[in-house]
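Chemist: Residues or ranges marked as domain 'Major facilitator superfamily (MFS) profile' in TrEMBL: 46-484. The transmembrane segment annotation in TrEMBL covers 37-57, 115-135, 147-166, 172-192, 204-226, 232-251, 310-331, 343-365, 372-392, 398-419, 456-479.
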């Protein structure tokens, strides 16, 4: 009839109430679409840059041993910062850390209070907590790619300045800006990689993200074997970031974002490039479908408050991220302290343990639901946390317990962001992810201070994390599984049936041979 919308055979006919179904579009290129996997790899490469820039402080921010001579000049007093009354009037002597020199000795703040000492690590996290929500909100409005590139190259710029900071206060400020921009590109790339590939290919996200993160840690450990100056080490860790200059031309925009914002010409160009690179000829006649109303372009935070499912997901997923982050960063920032005399060995063993976690995540996601895997891994993580202080904090056996902990934590950290991304609509996906990122950043904020708690009482510290992990697994069961469901495009999609059965009934895009 004359009142019915007509869809022509090309994507150029999209009207405000007609949109491409991006799930169908990506399914048409299959599990191993060449252009889609290239975009996925480019996003996951950024995890290497992120982990190396974050955890370089594990080597550079160790406190030097401070000594002095006693007032009677008959003995040498260690831990002189806390025993100054026993020292004579001579200056304190700092014994620099190994294998890499300490920034605290270089900046002359060896005897500063703990909050000053940890300011470099905590300012990084504060930058992420304060600034990332704004970046992610802009990514919902203006696109994933431009905001990712802006945050990525800003991060590289600040990283280049840090080794040359003449004052500790400037170093802390630059770490704040680095945390803001680095967490921004990591958060946006995590969403973009979900939106660049079809659901059947998403298990690969877990393998590449965890492998990239582990390679970043191993990269630092390898450099520490040859470089002792913290400034040279810092400069060397960011060297892999300069290849990202090619992202301007190689990285594509999210088809989900393009479709939800009615970017007709851009969708058509995406289809053309995909056909050329993948060697396929997609029939555009079925790439358009009618929607009930135009897409939501300007969803505000208060609009989320009207949807209980969204609020419940934010609260539960936020607590899970807080738990995962607290456990991961508490152990990682202590990774050089679990073996006497071999800091690099323990650091690299715990870093390498993340790779099996990524492999297991990829294999298990093909057979089990996202929620199920995260819940089981949280319970196993809880058991490892409980067992660690019983084994002994300085024994070789503790590395086995901590390596298993890293495996289960990695499985959670790899799968849970996919679970979150698949449960919220495209129109608010970055916004929700940035809100969930706040408790995750709070966990990172506590991480550097965990080592002081373990000195006070390692049993209580680890048991608290163990209980927290078990509780996180239980409350996550309150959320729905996302495996086998299309990504929702707007808030109204949360009320519709998004199962694969419903999608298959509606038909797939026809591919012409």
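Heads up, the Cβ atoms here are built off N, Cα and C, so glycines get one too.
Where the annotation comes from TrEMBL, it is an automatic prediction and has not been curated.
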Chemist: Using Cβ atoms and a strict cutoff of less than 8 Å, what residues sit near the transmembrane segment (398-419) while being 6 or more residues removed from its termini?
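Modeler: Counting only partners 6 or more residues beyond its ends, the transmembrane segment (398-419) has Cβ contacts under 8 Å with 190, 194, 202, 205-207, 209-210, 317, 320-321, 324, 327-328, 331, 338-339, 346, 349-350, 353-354, 356-358, 360-361, 364-365, 370-371, 373-374, 377-378, 380-381, 384-385, 387-388, 391-392, 433, 482.
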Chemist: Give me the stretch from 37-57, 115-135, 172-192 with the greatest number of Cβ pairs under 8 Å to the transmembrane segment (204-226).
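Modeler: Top-ranked stretch among 37-57, 115-135, 172-192: 37-57.
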Chemist: Averaged across the domain 'Major facilitator superfamily (MFS) profile' (46-484), what pLDDT does the model get? Just tell me the whole number, please.
Modeler: 82
